[in-house]
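Visitor: So TrEMBL lists these for the protein:
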- 243: active site, charge relay system (ACT_SITE)
- 291: active site, charge relay system (ACT_SITE)
- 495: active site, charge relay system (ACT_SITE)
- 462-573: domain 'Ig-like' (DOMAIN)
């Protein structure tokens with residue numbers, strides 16, 4: 001009955017399922033056997049044979065009866081309640097910025113330092129009010145604390161702590177929550193921010209130039225001019241924009257249809273629906289120049305009156321808008337009044353209304369700094385995995401100047417695997433008049449404020465960069481105004497770069513959907529009825545031009561010399577954690593001039609196709625691999641041209657508790673036909689020879705390298721010595737038959753993994769082979785991060801001494817060695833001692849140790 005069903009849901013707990021030691025092929029069958037027990041998402045925390053351990057470990061949410069059923073399976077070694085330390089793993093991703101604040105307040109006593117508000121996330125089905133009441137009761141009885149916890153309607157699975165006056169109180173409260181069985185994870189409470197520079201930061205960058213119409217250079221910088229001239233402008237494409245609001249009386253969005261708040265108007269000129277989730281206005285700290293109106297203009301603005309320039313990259317696209325920004329009622333007419341952003345907790349609620357209006361491509365110019373893989377990032381990964389035609393483009397963040405290197409500053413949800421994360425580059429040198437330092441101020445430079453990777457689990461982010469400095473776009477008027485306007489204003493940040501990349505994605509979508517890709521003309525015979533997001537992402541990444549430098553942070557005064565700018569700038573590699581795979585350039589893959597690329601017969605001037613991609617409109621062209629299987633794709637590389645091959649797949653969602661988010665591991669290598677030499681992907685971790693962290697891989701090989709592999713020599717000559725009998729991969733005119741091999745190294749959570757593949761035989765970007773080995777992509781789980789995690793545990797230890805009923809004592813010899821890091825902790829008011837918490841056997845202790853190192 002309903003009561004027993006509710007009781008079963010309330011008993012759900014996060015649990016580790018540890019599979020028996022064996023062959024990884026057995027794990028696939030075991031996971032299949034586990035899944036019918038009712039679990040739809042079972043992220044892998046470790047995979048057998050990877051660097052984290054000997055066993056495959058899954059995270060499931062299960063009640064006791066389901067857990068008992070799983071225990072009966074012969075392939076399962078153990079089913080355990082999630083160890084409390086793993087509930088704090090999301091918090092460790094936020095620990096870098098938090099530890100800086102703690103260090104600043106540690107002059108003599110940490111007890112006076114205000115502690116951050118926290119989010120306590122419950123498992124699906126847990127009774128929020130019951131758990132909250134229990135926590136409040138224990139906080140009152142044990143510590144005399146009142147009104148510590150709060151909830152809201154937006155996040156029905158979360159309990160929040162209020163900011164607490166000192167760290168002692170804070171760790172006491174965390175200790176209470178971490179032993180609550182229905183708690184899934186805990187993290188610092190993050191606020192969503194607009195990824196745009198404001199105030200003094202905006203002014204410093206604005207001072208760098210006097211020519212303000214920088215937006216006119218953007219289409220040429222991302223190579224969309226020829227596509228737009230051919231008529232590809234976002235026709236019949238609805239794009240989803242979620243932001244602070246949209247000023248509908250602006251000429252770029254004005255239309256005859258006004259009833260877009262209560263219903264969808266799919267025939268509307270520009271805005272087909274307005275989801276007033278927050279309100280119906282675009283508020284701004286500057287009263288005018290609202291963030292949402294500005295980014296919408298860059299993406300899809302077009303003049304209603306015909307009297308003004310069309311501002312959008314995809315100016316014929318229509319908009320399904322969701323408003324997530326609000327100001328306090330006391331802010332009316334006041335400058336510098338903050339705009340608060342909040343989104344629905346569930347990704348389905350965040351995206352569904354716009355999808356119903358026809359949107360498949362989304363632009364998010366906001367995020368939460370401090371954590372690159374929050375629950376929202378995980379939920380977006382899950383939604384996109386279940387809806388593979390949905391592409392979400394997200395601003396990387398503007399935290400690149402918060403440290404010397406700017407690394408590990410990617411915001412969430414930009415750290416999600418299945419989105420396109422966008423950093424910011426500078427604009428054309430012709431944009432600058434006051435500073436003629438063209439070696440730095442050009443489109444080949446990454447902006448200093450642009451957030452950089454890697455993510456905490458070592459993945460390469462951002463994916464790409466785009467012009468984001470001082471772009472002119474549509475300006476909103478004061479909230480409540482109905483004034484007709486065509487005013488523009490200047491903003492900058494990764495917020496502005498994001499709609500530029502989204503606009504490129506919209507044009508590519510139209511190019512594929514309408515069959516332009518085959519011969520450079522609109523051709524229904526080659527139209528793609530389904531365009532997976534992985535293909536759009538692969539094409540955008542594949543088109544990237546390598547940048548050269550990263551600009552250093554500007555001084556507070558904004559006054560600098562060219563010599564100091566040149567000295568302080570740093571070189572960037574392709575790819576790396578600053579530029580990702582560079583700046584998208586549509587001319588690298590789409591050409592309507594007939595001189596190269598996709599001309600009248602989709603061939604380069606030598607007669608061989610210059611761009612290959614799968615899937616396309618051909619029947620059964622969507623490629624996939626099974627676990628342990630491989631797919632070989634053959635194509636011809638013309639004489640004297642280089643090869644770039646790109647692989648992208650939409651990966652199952654990871655876990656906020658995991659130290660590695662990749663679930664399915666595919667490998668891409670390139671070889672010549674019948675050859676033995678293979679060429680691996682560009683990576684910053686060349687010591688392993690393959691990429692086991694990212695769901696994007698790219699191989700670049702010069703023609704000289706391919707020729708040497710085809711002939712078994714080191715010759716770089718492009719001559720056609722020998723013949724096809726001597727060298728089977730080498731053609732009579734110097735062309736080389738190449739094979740791309742995609743191998744399903746680990747595909748455990750589904751029958752098969754679909755992917756997108758793009759290859760081009762032309763010189764694009766840097767041809768540097770494997771990137772130099774660095775530690776840029778190492779995981780973040782260093783000893784100090786673990787120490788931050790263990791902080792509340794030490795306090796739990798002291799609590800246990802006085803409150804034995806809260807937790808169960810165990811023998812100290814079973815505590816993992818990672819809990820012996822007392823010397824690394826600097827919180828003075830806590831006496832170091834080993835906590836006595838939950839029973840953990842030696843193998844589990846070893847597993848936890850491996851996951852944290």
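Glycine too: its Cβ is placed from the backbone N, Cα and C atoms.
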Visitor: In the predicted model, what is the mean pLDDT computed over the domain 'Ig-like' (462-573)?
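Guide: The predicted confidence over the domain 'Ig-like' (462-573), as a mean pLDDT, is 92.
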Visitor: Between residue 495 (active site, charge relay system) and residue 243 (active site, charge relay system), how many Å separate their Cα atoms?
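Guide: Cα-Cα, rounded: 10 Å.
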Visitor: What is the total of other Cβ atoms whose distance to the Cβ of residue 495 (active site, charge relay system) is within 10 Å?
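Guide: Result for residue 495 (active site, charge relay system): 31 neighbouring Cβ atoms inside 10 Å.
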Visitor: Starting from each candidate's C-beta and looking 10 angstroms out, tell me which of the active-site residues 243, 291 has the most other C-beta atoms.
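Guide: Per the Cβ count within 10 Å, the most buried is 291.
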Visitor: Expressed to the nearest Å, what is the distance separating residue 291 (active site, charge relay system) and residue 243 (active site, charge relay system) at their Cα atoms?
Guide: 7
Visitor: Using DSSP, break the domain 'Ig-like' (462-573) down into helix, strand and coil residues and give each count.
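Guide: Per DSSP, the residues of the domain 'Ig-like' (462-573) fall into 44 helix, 18 strand, 50 coil.
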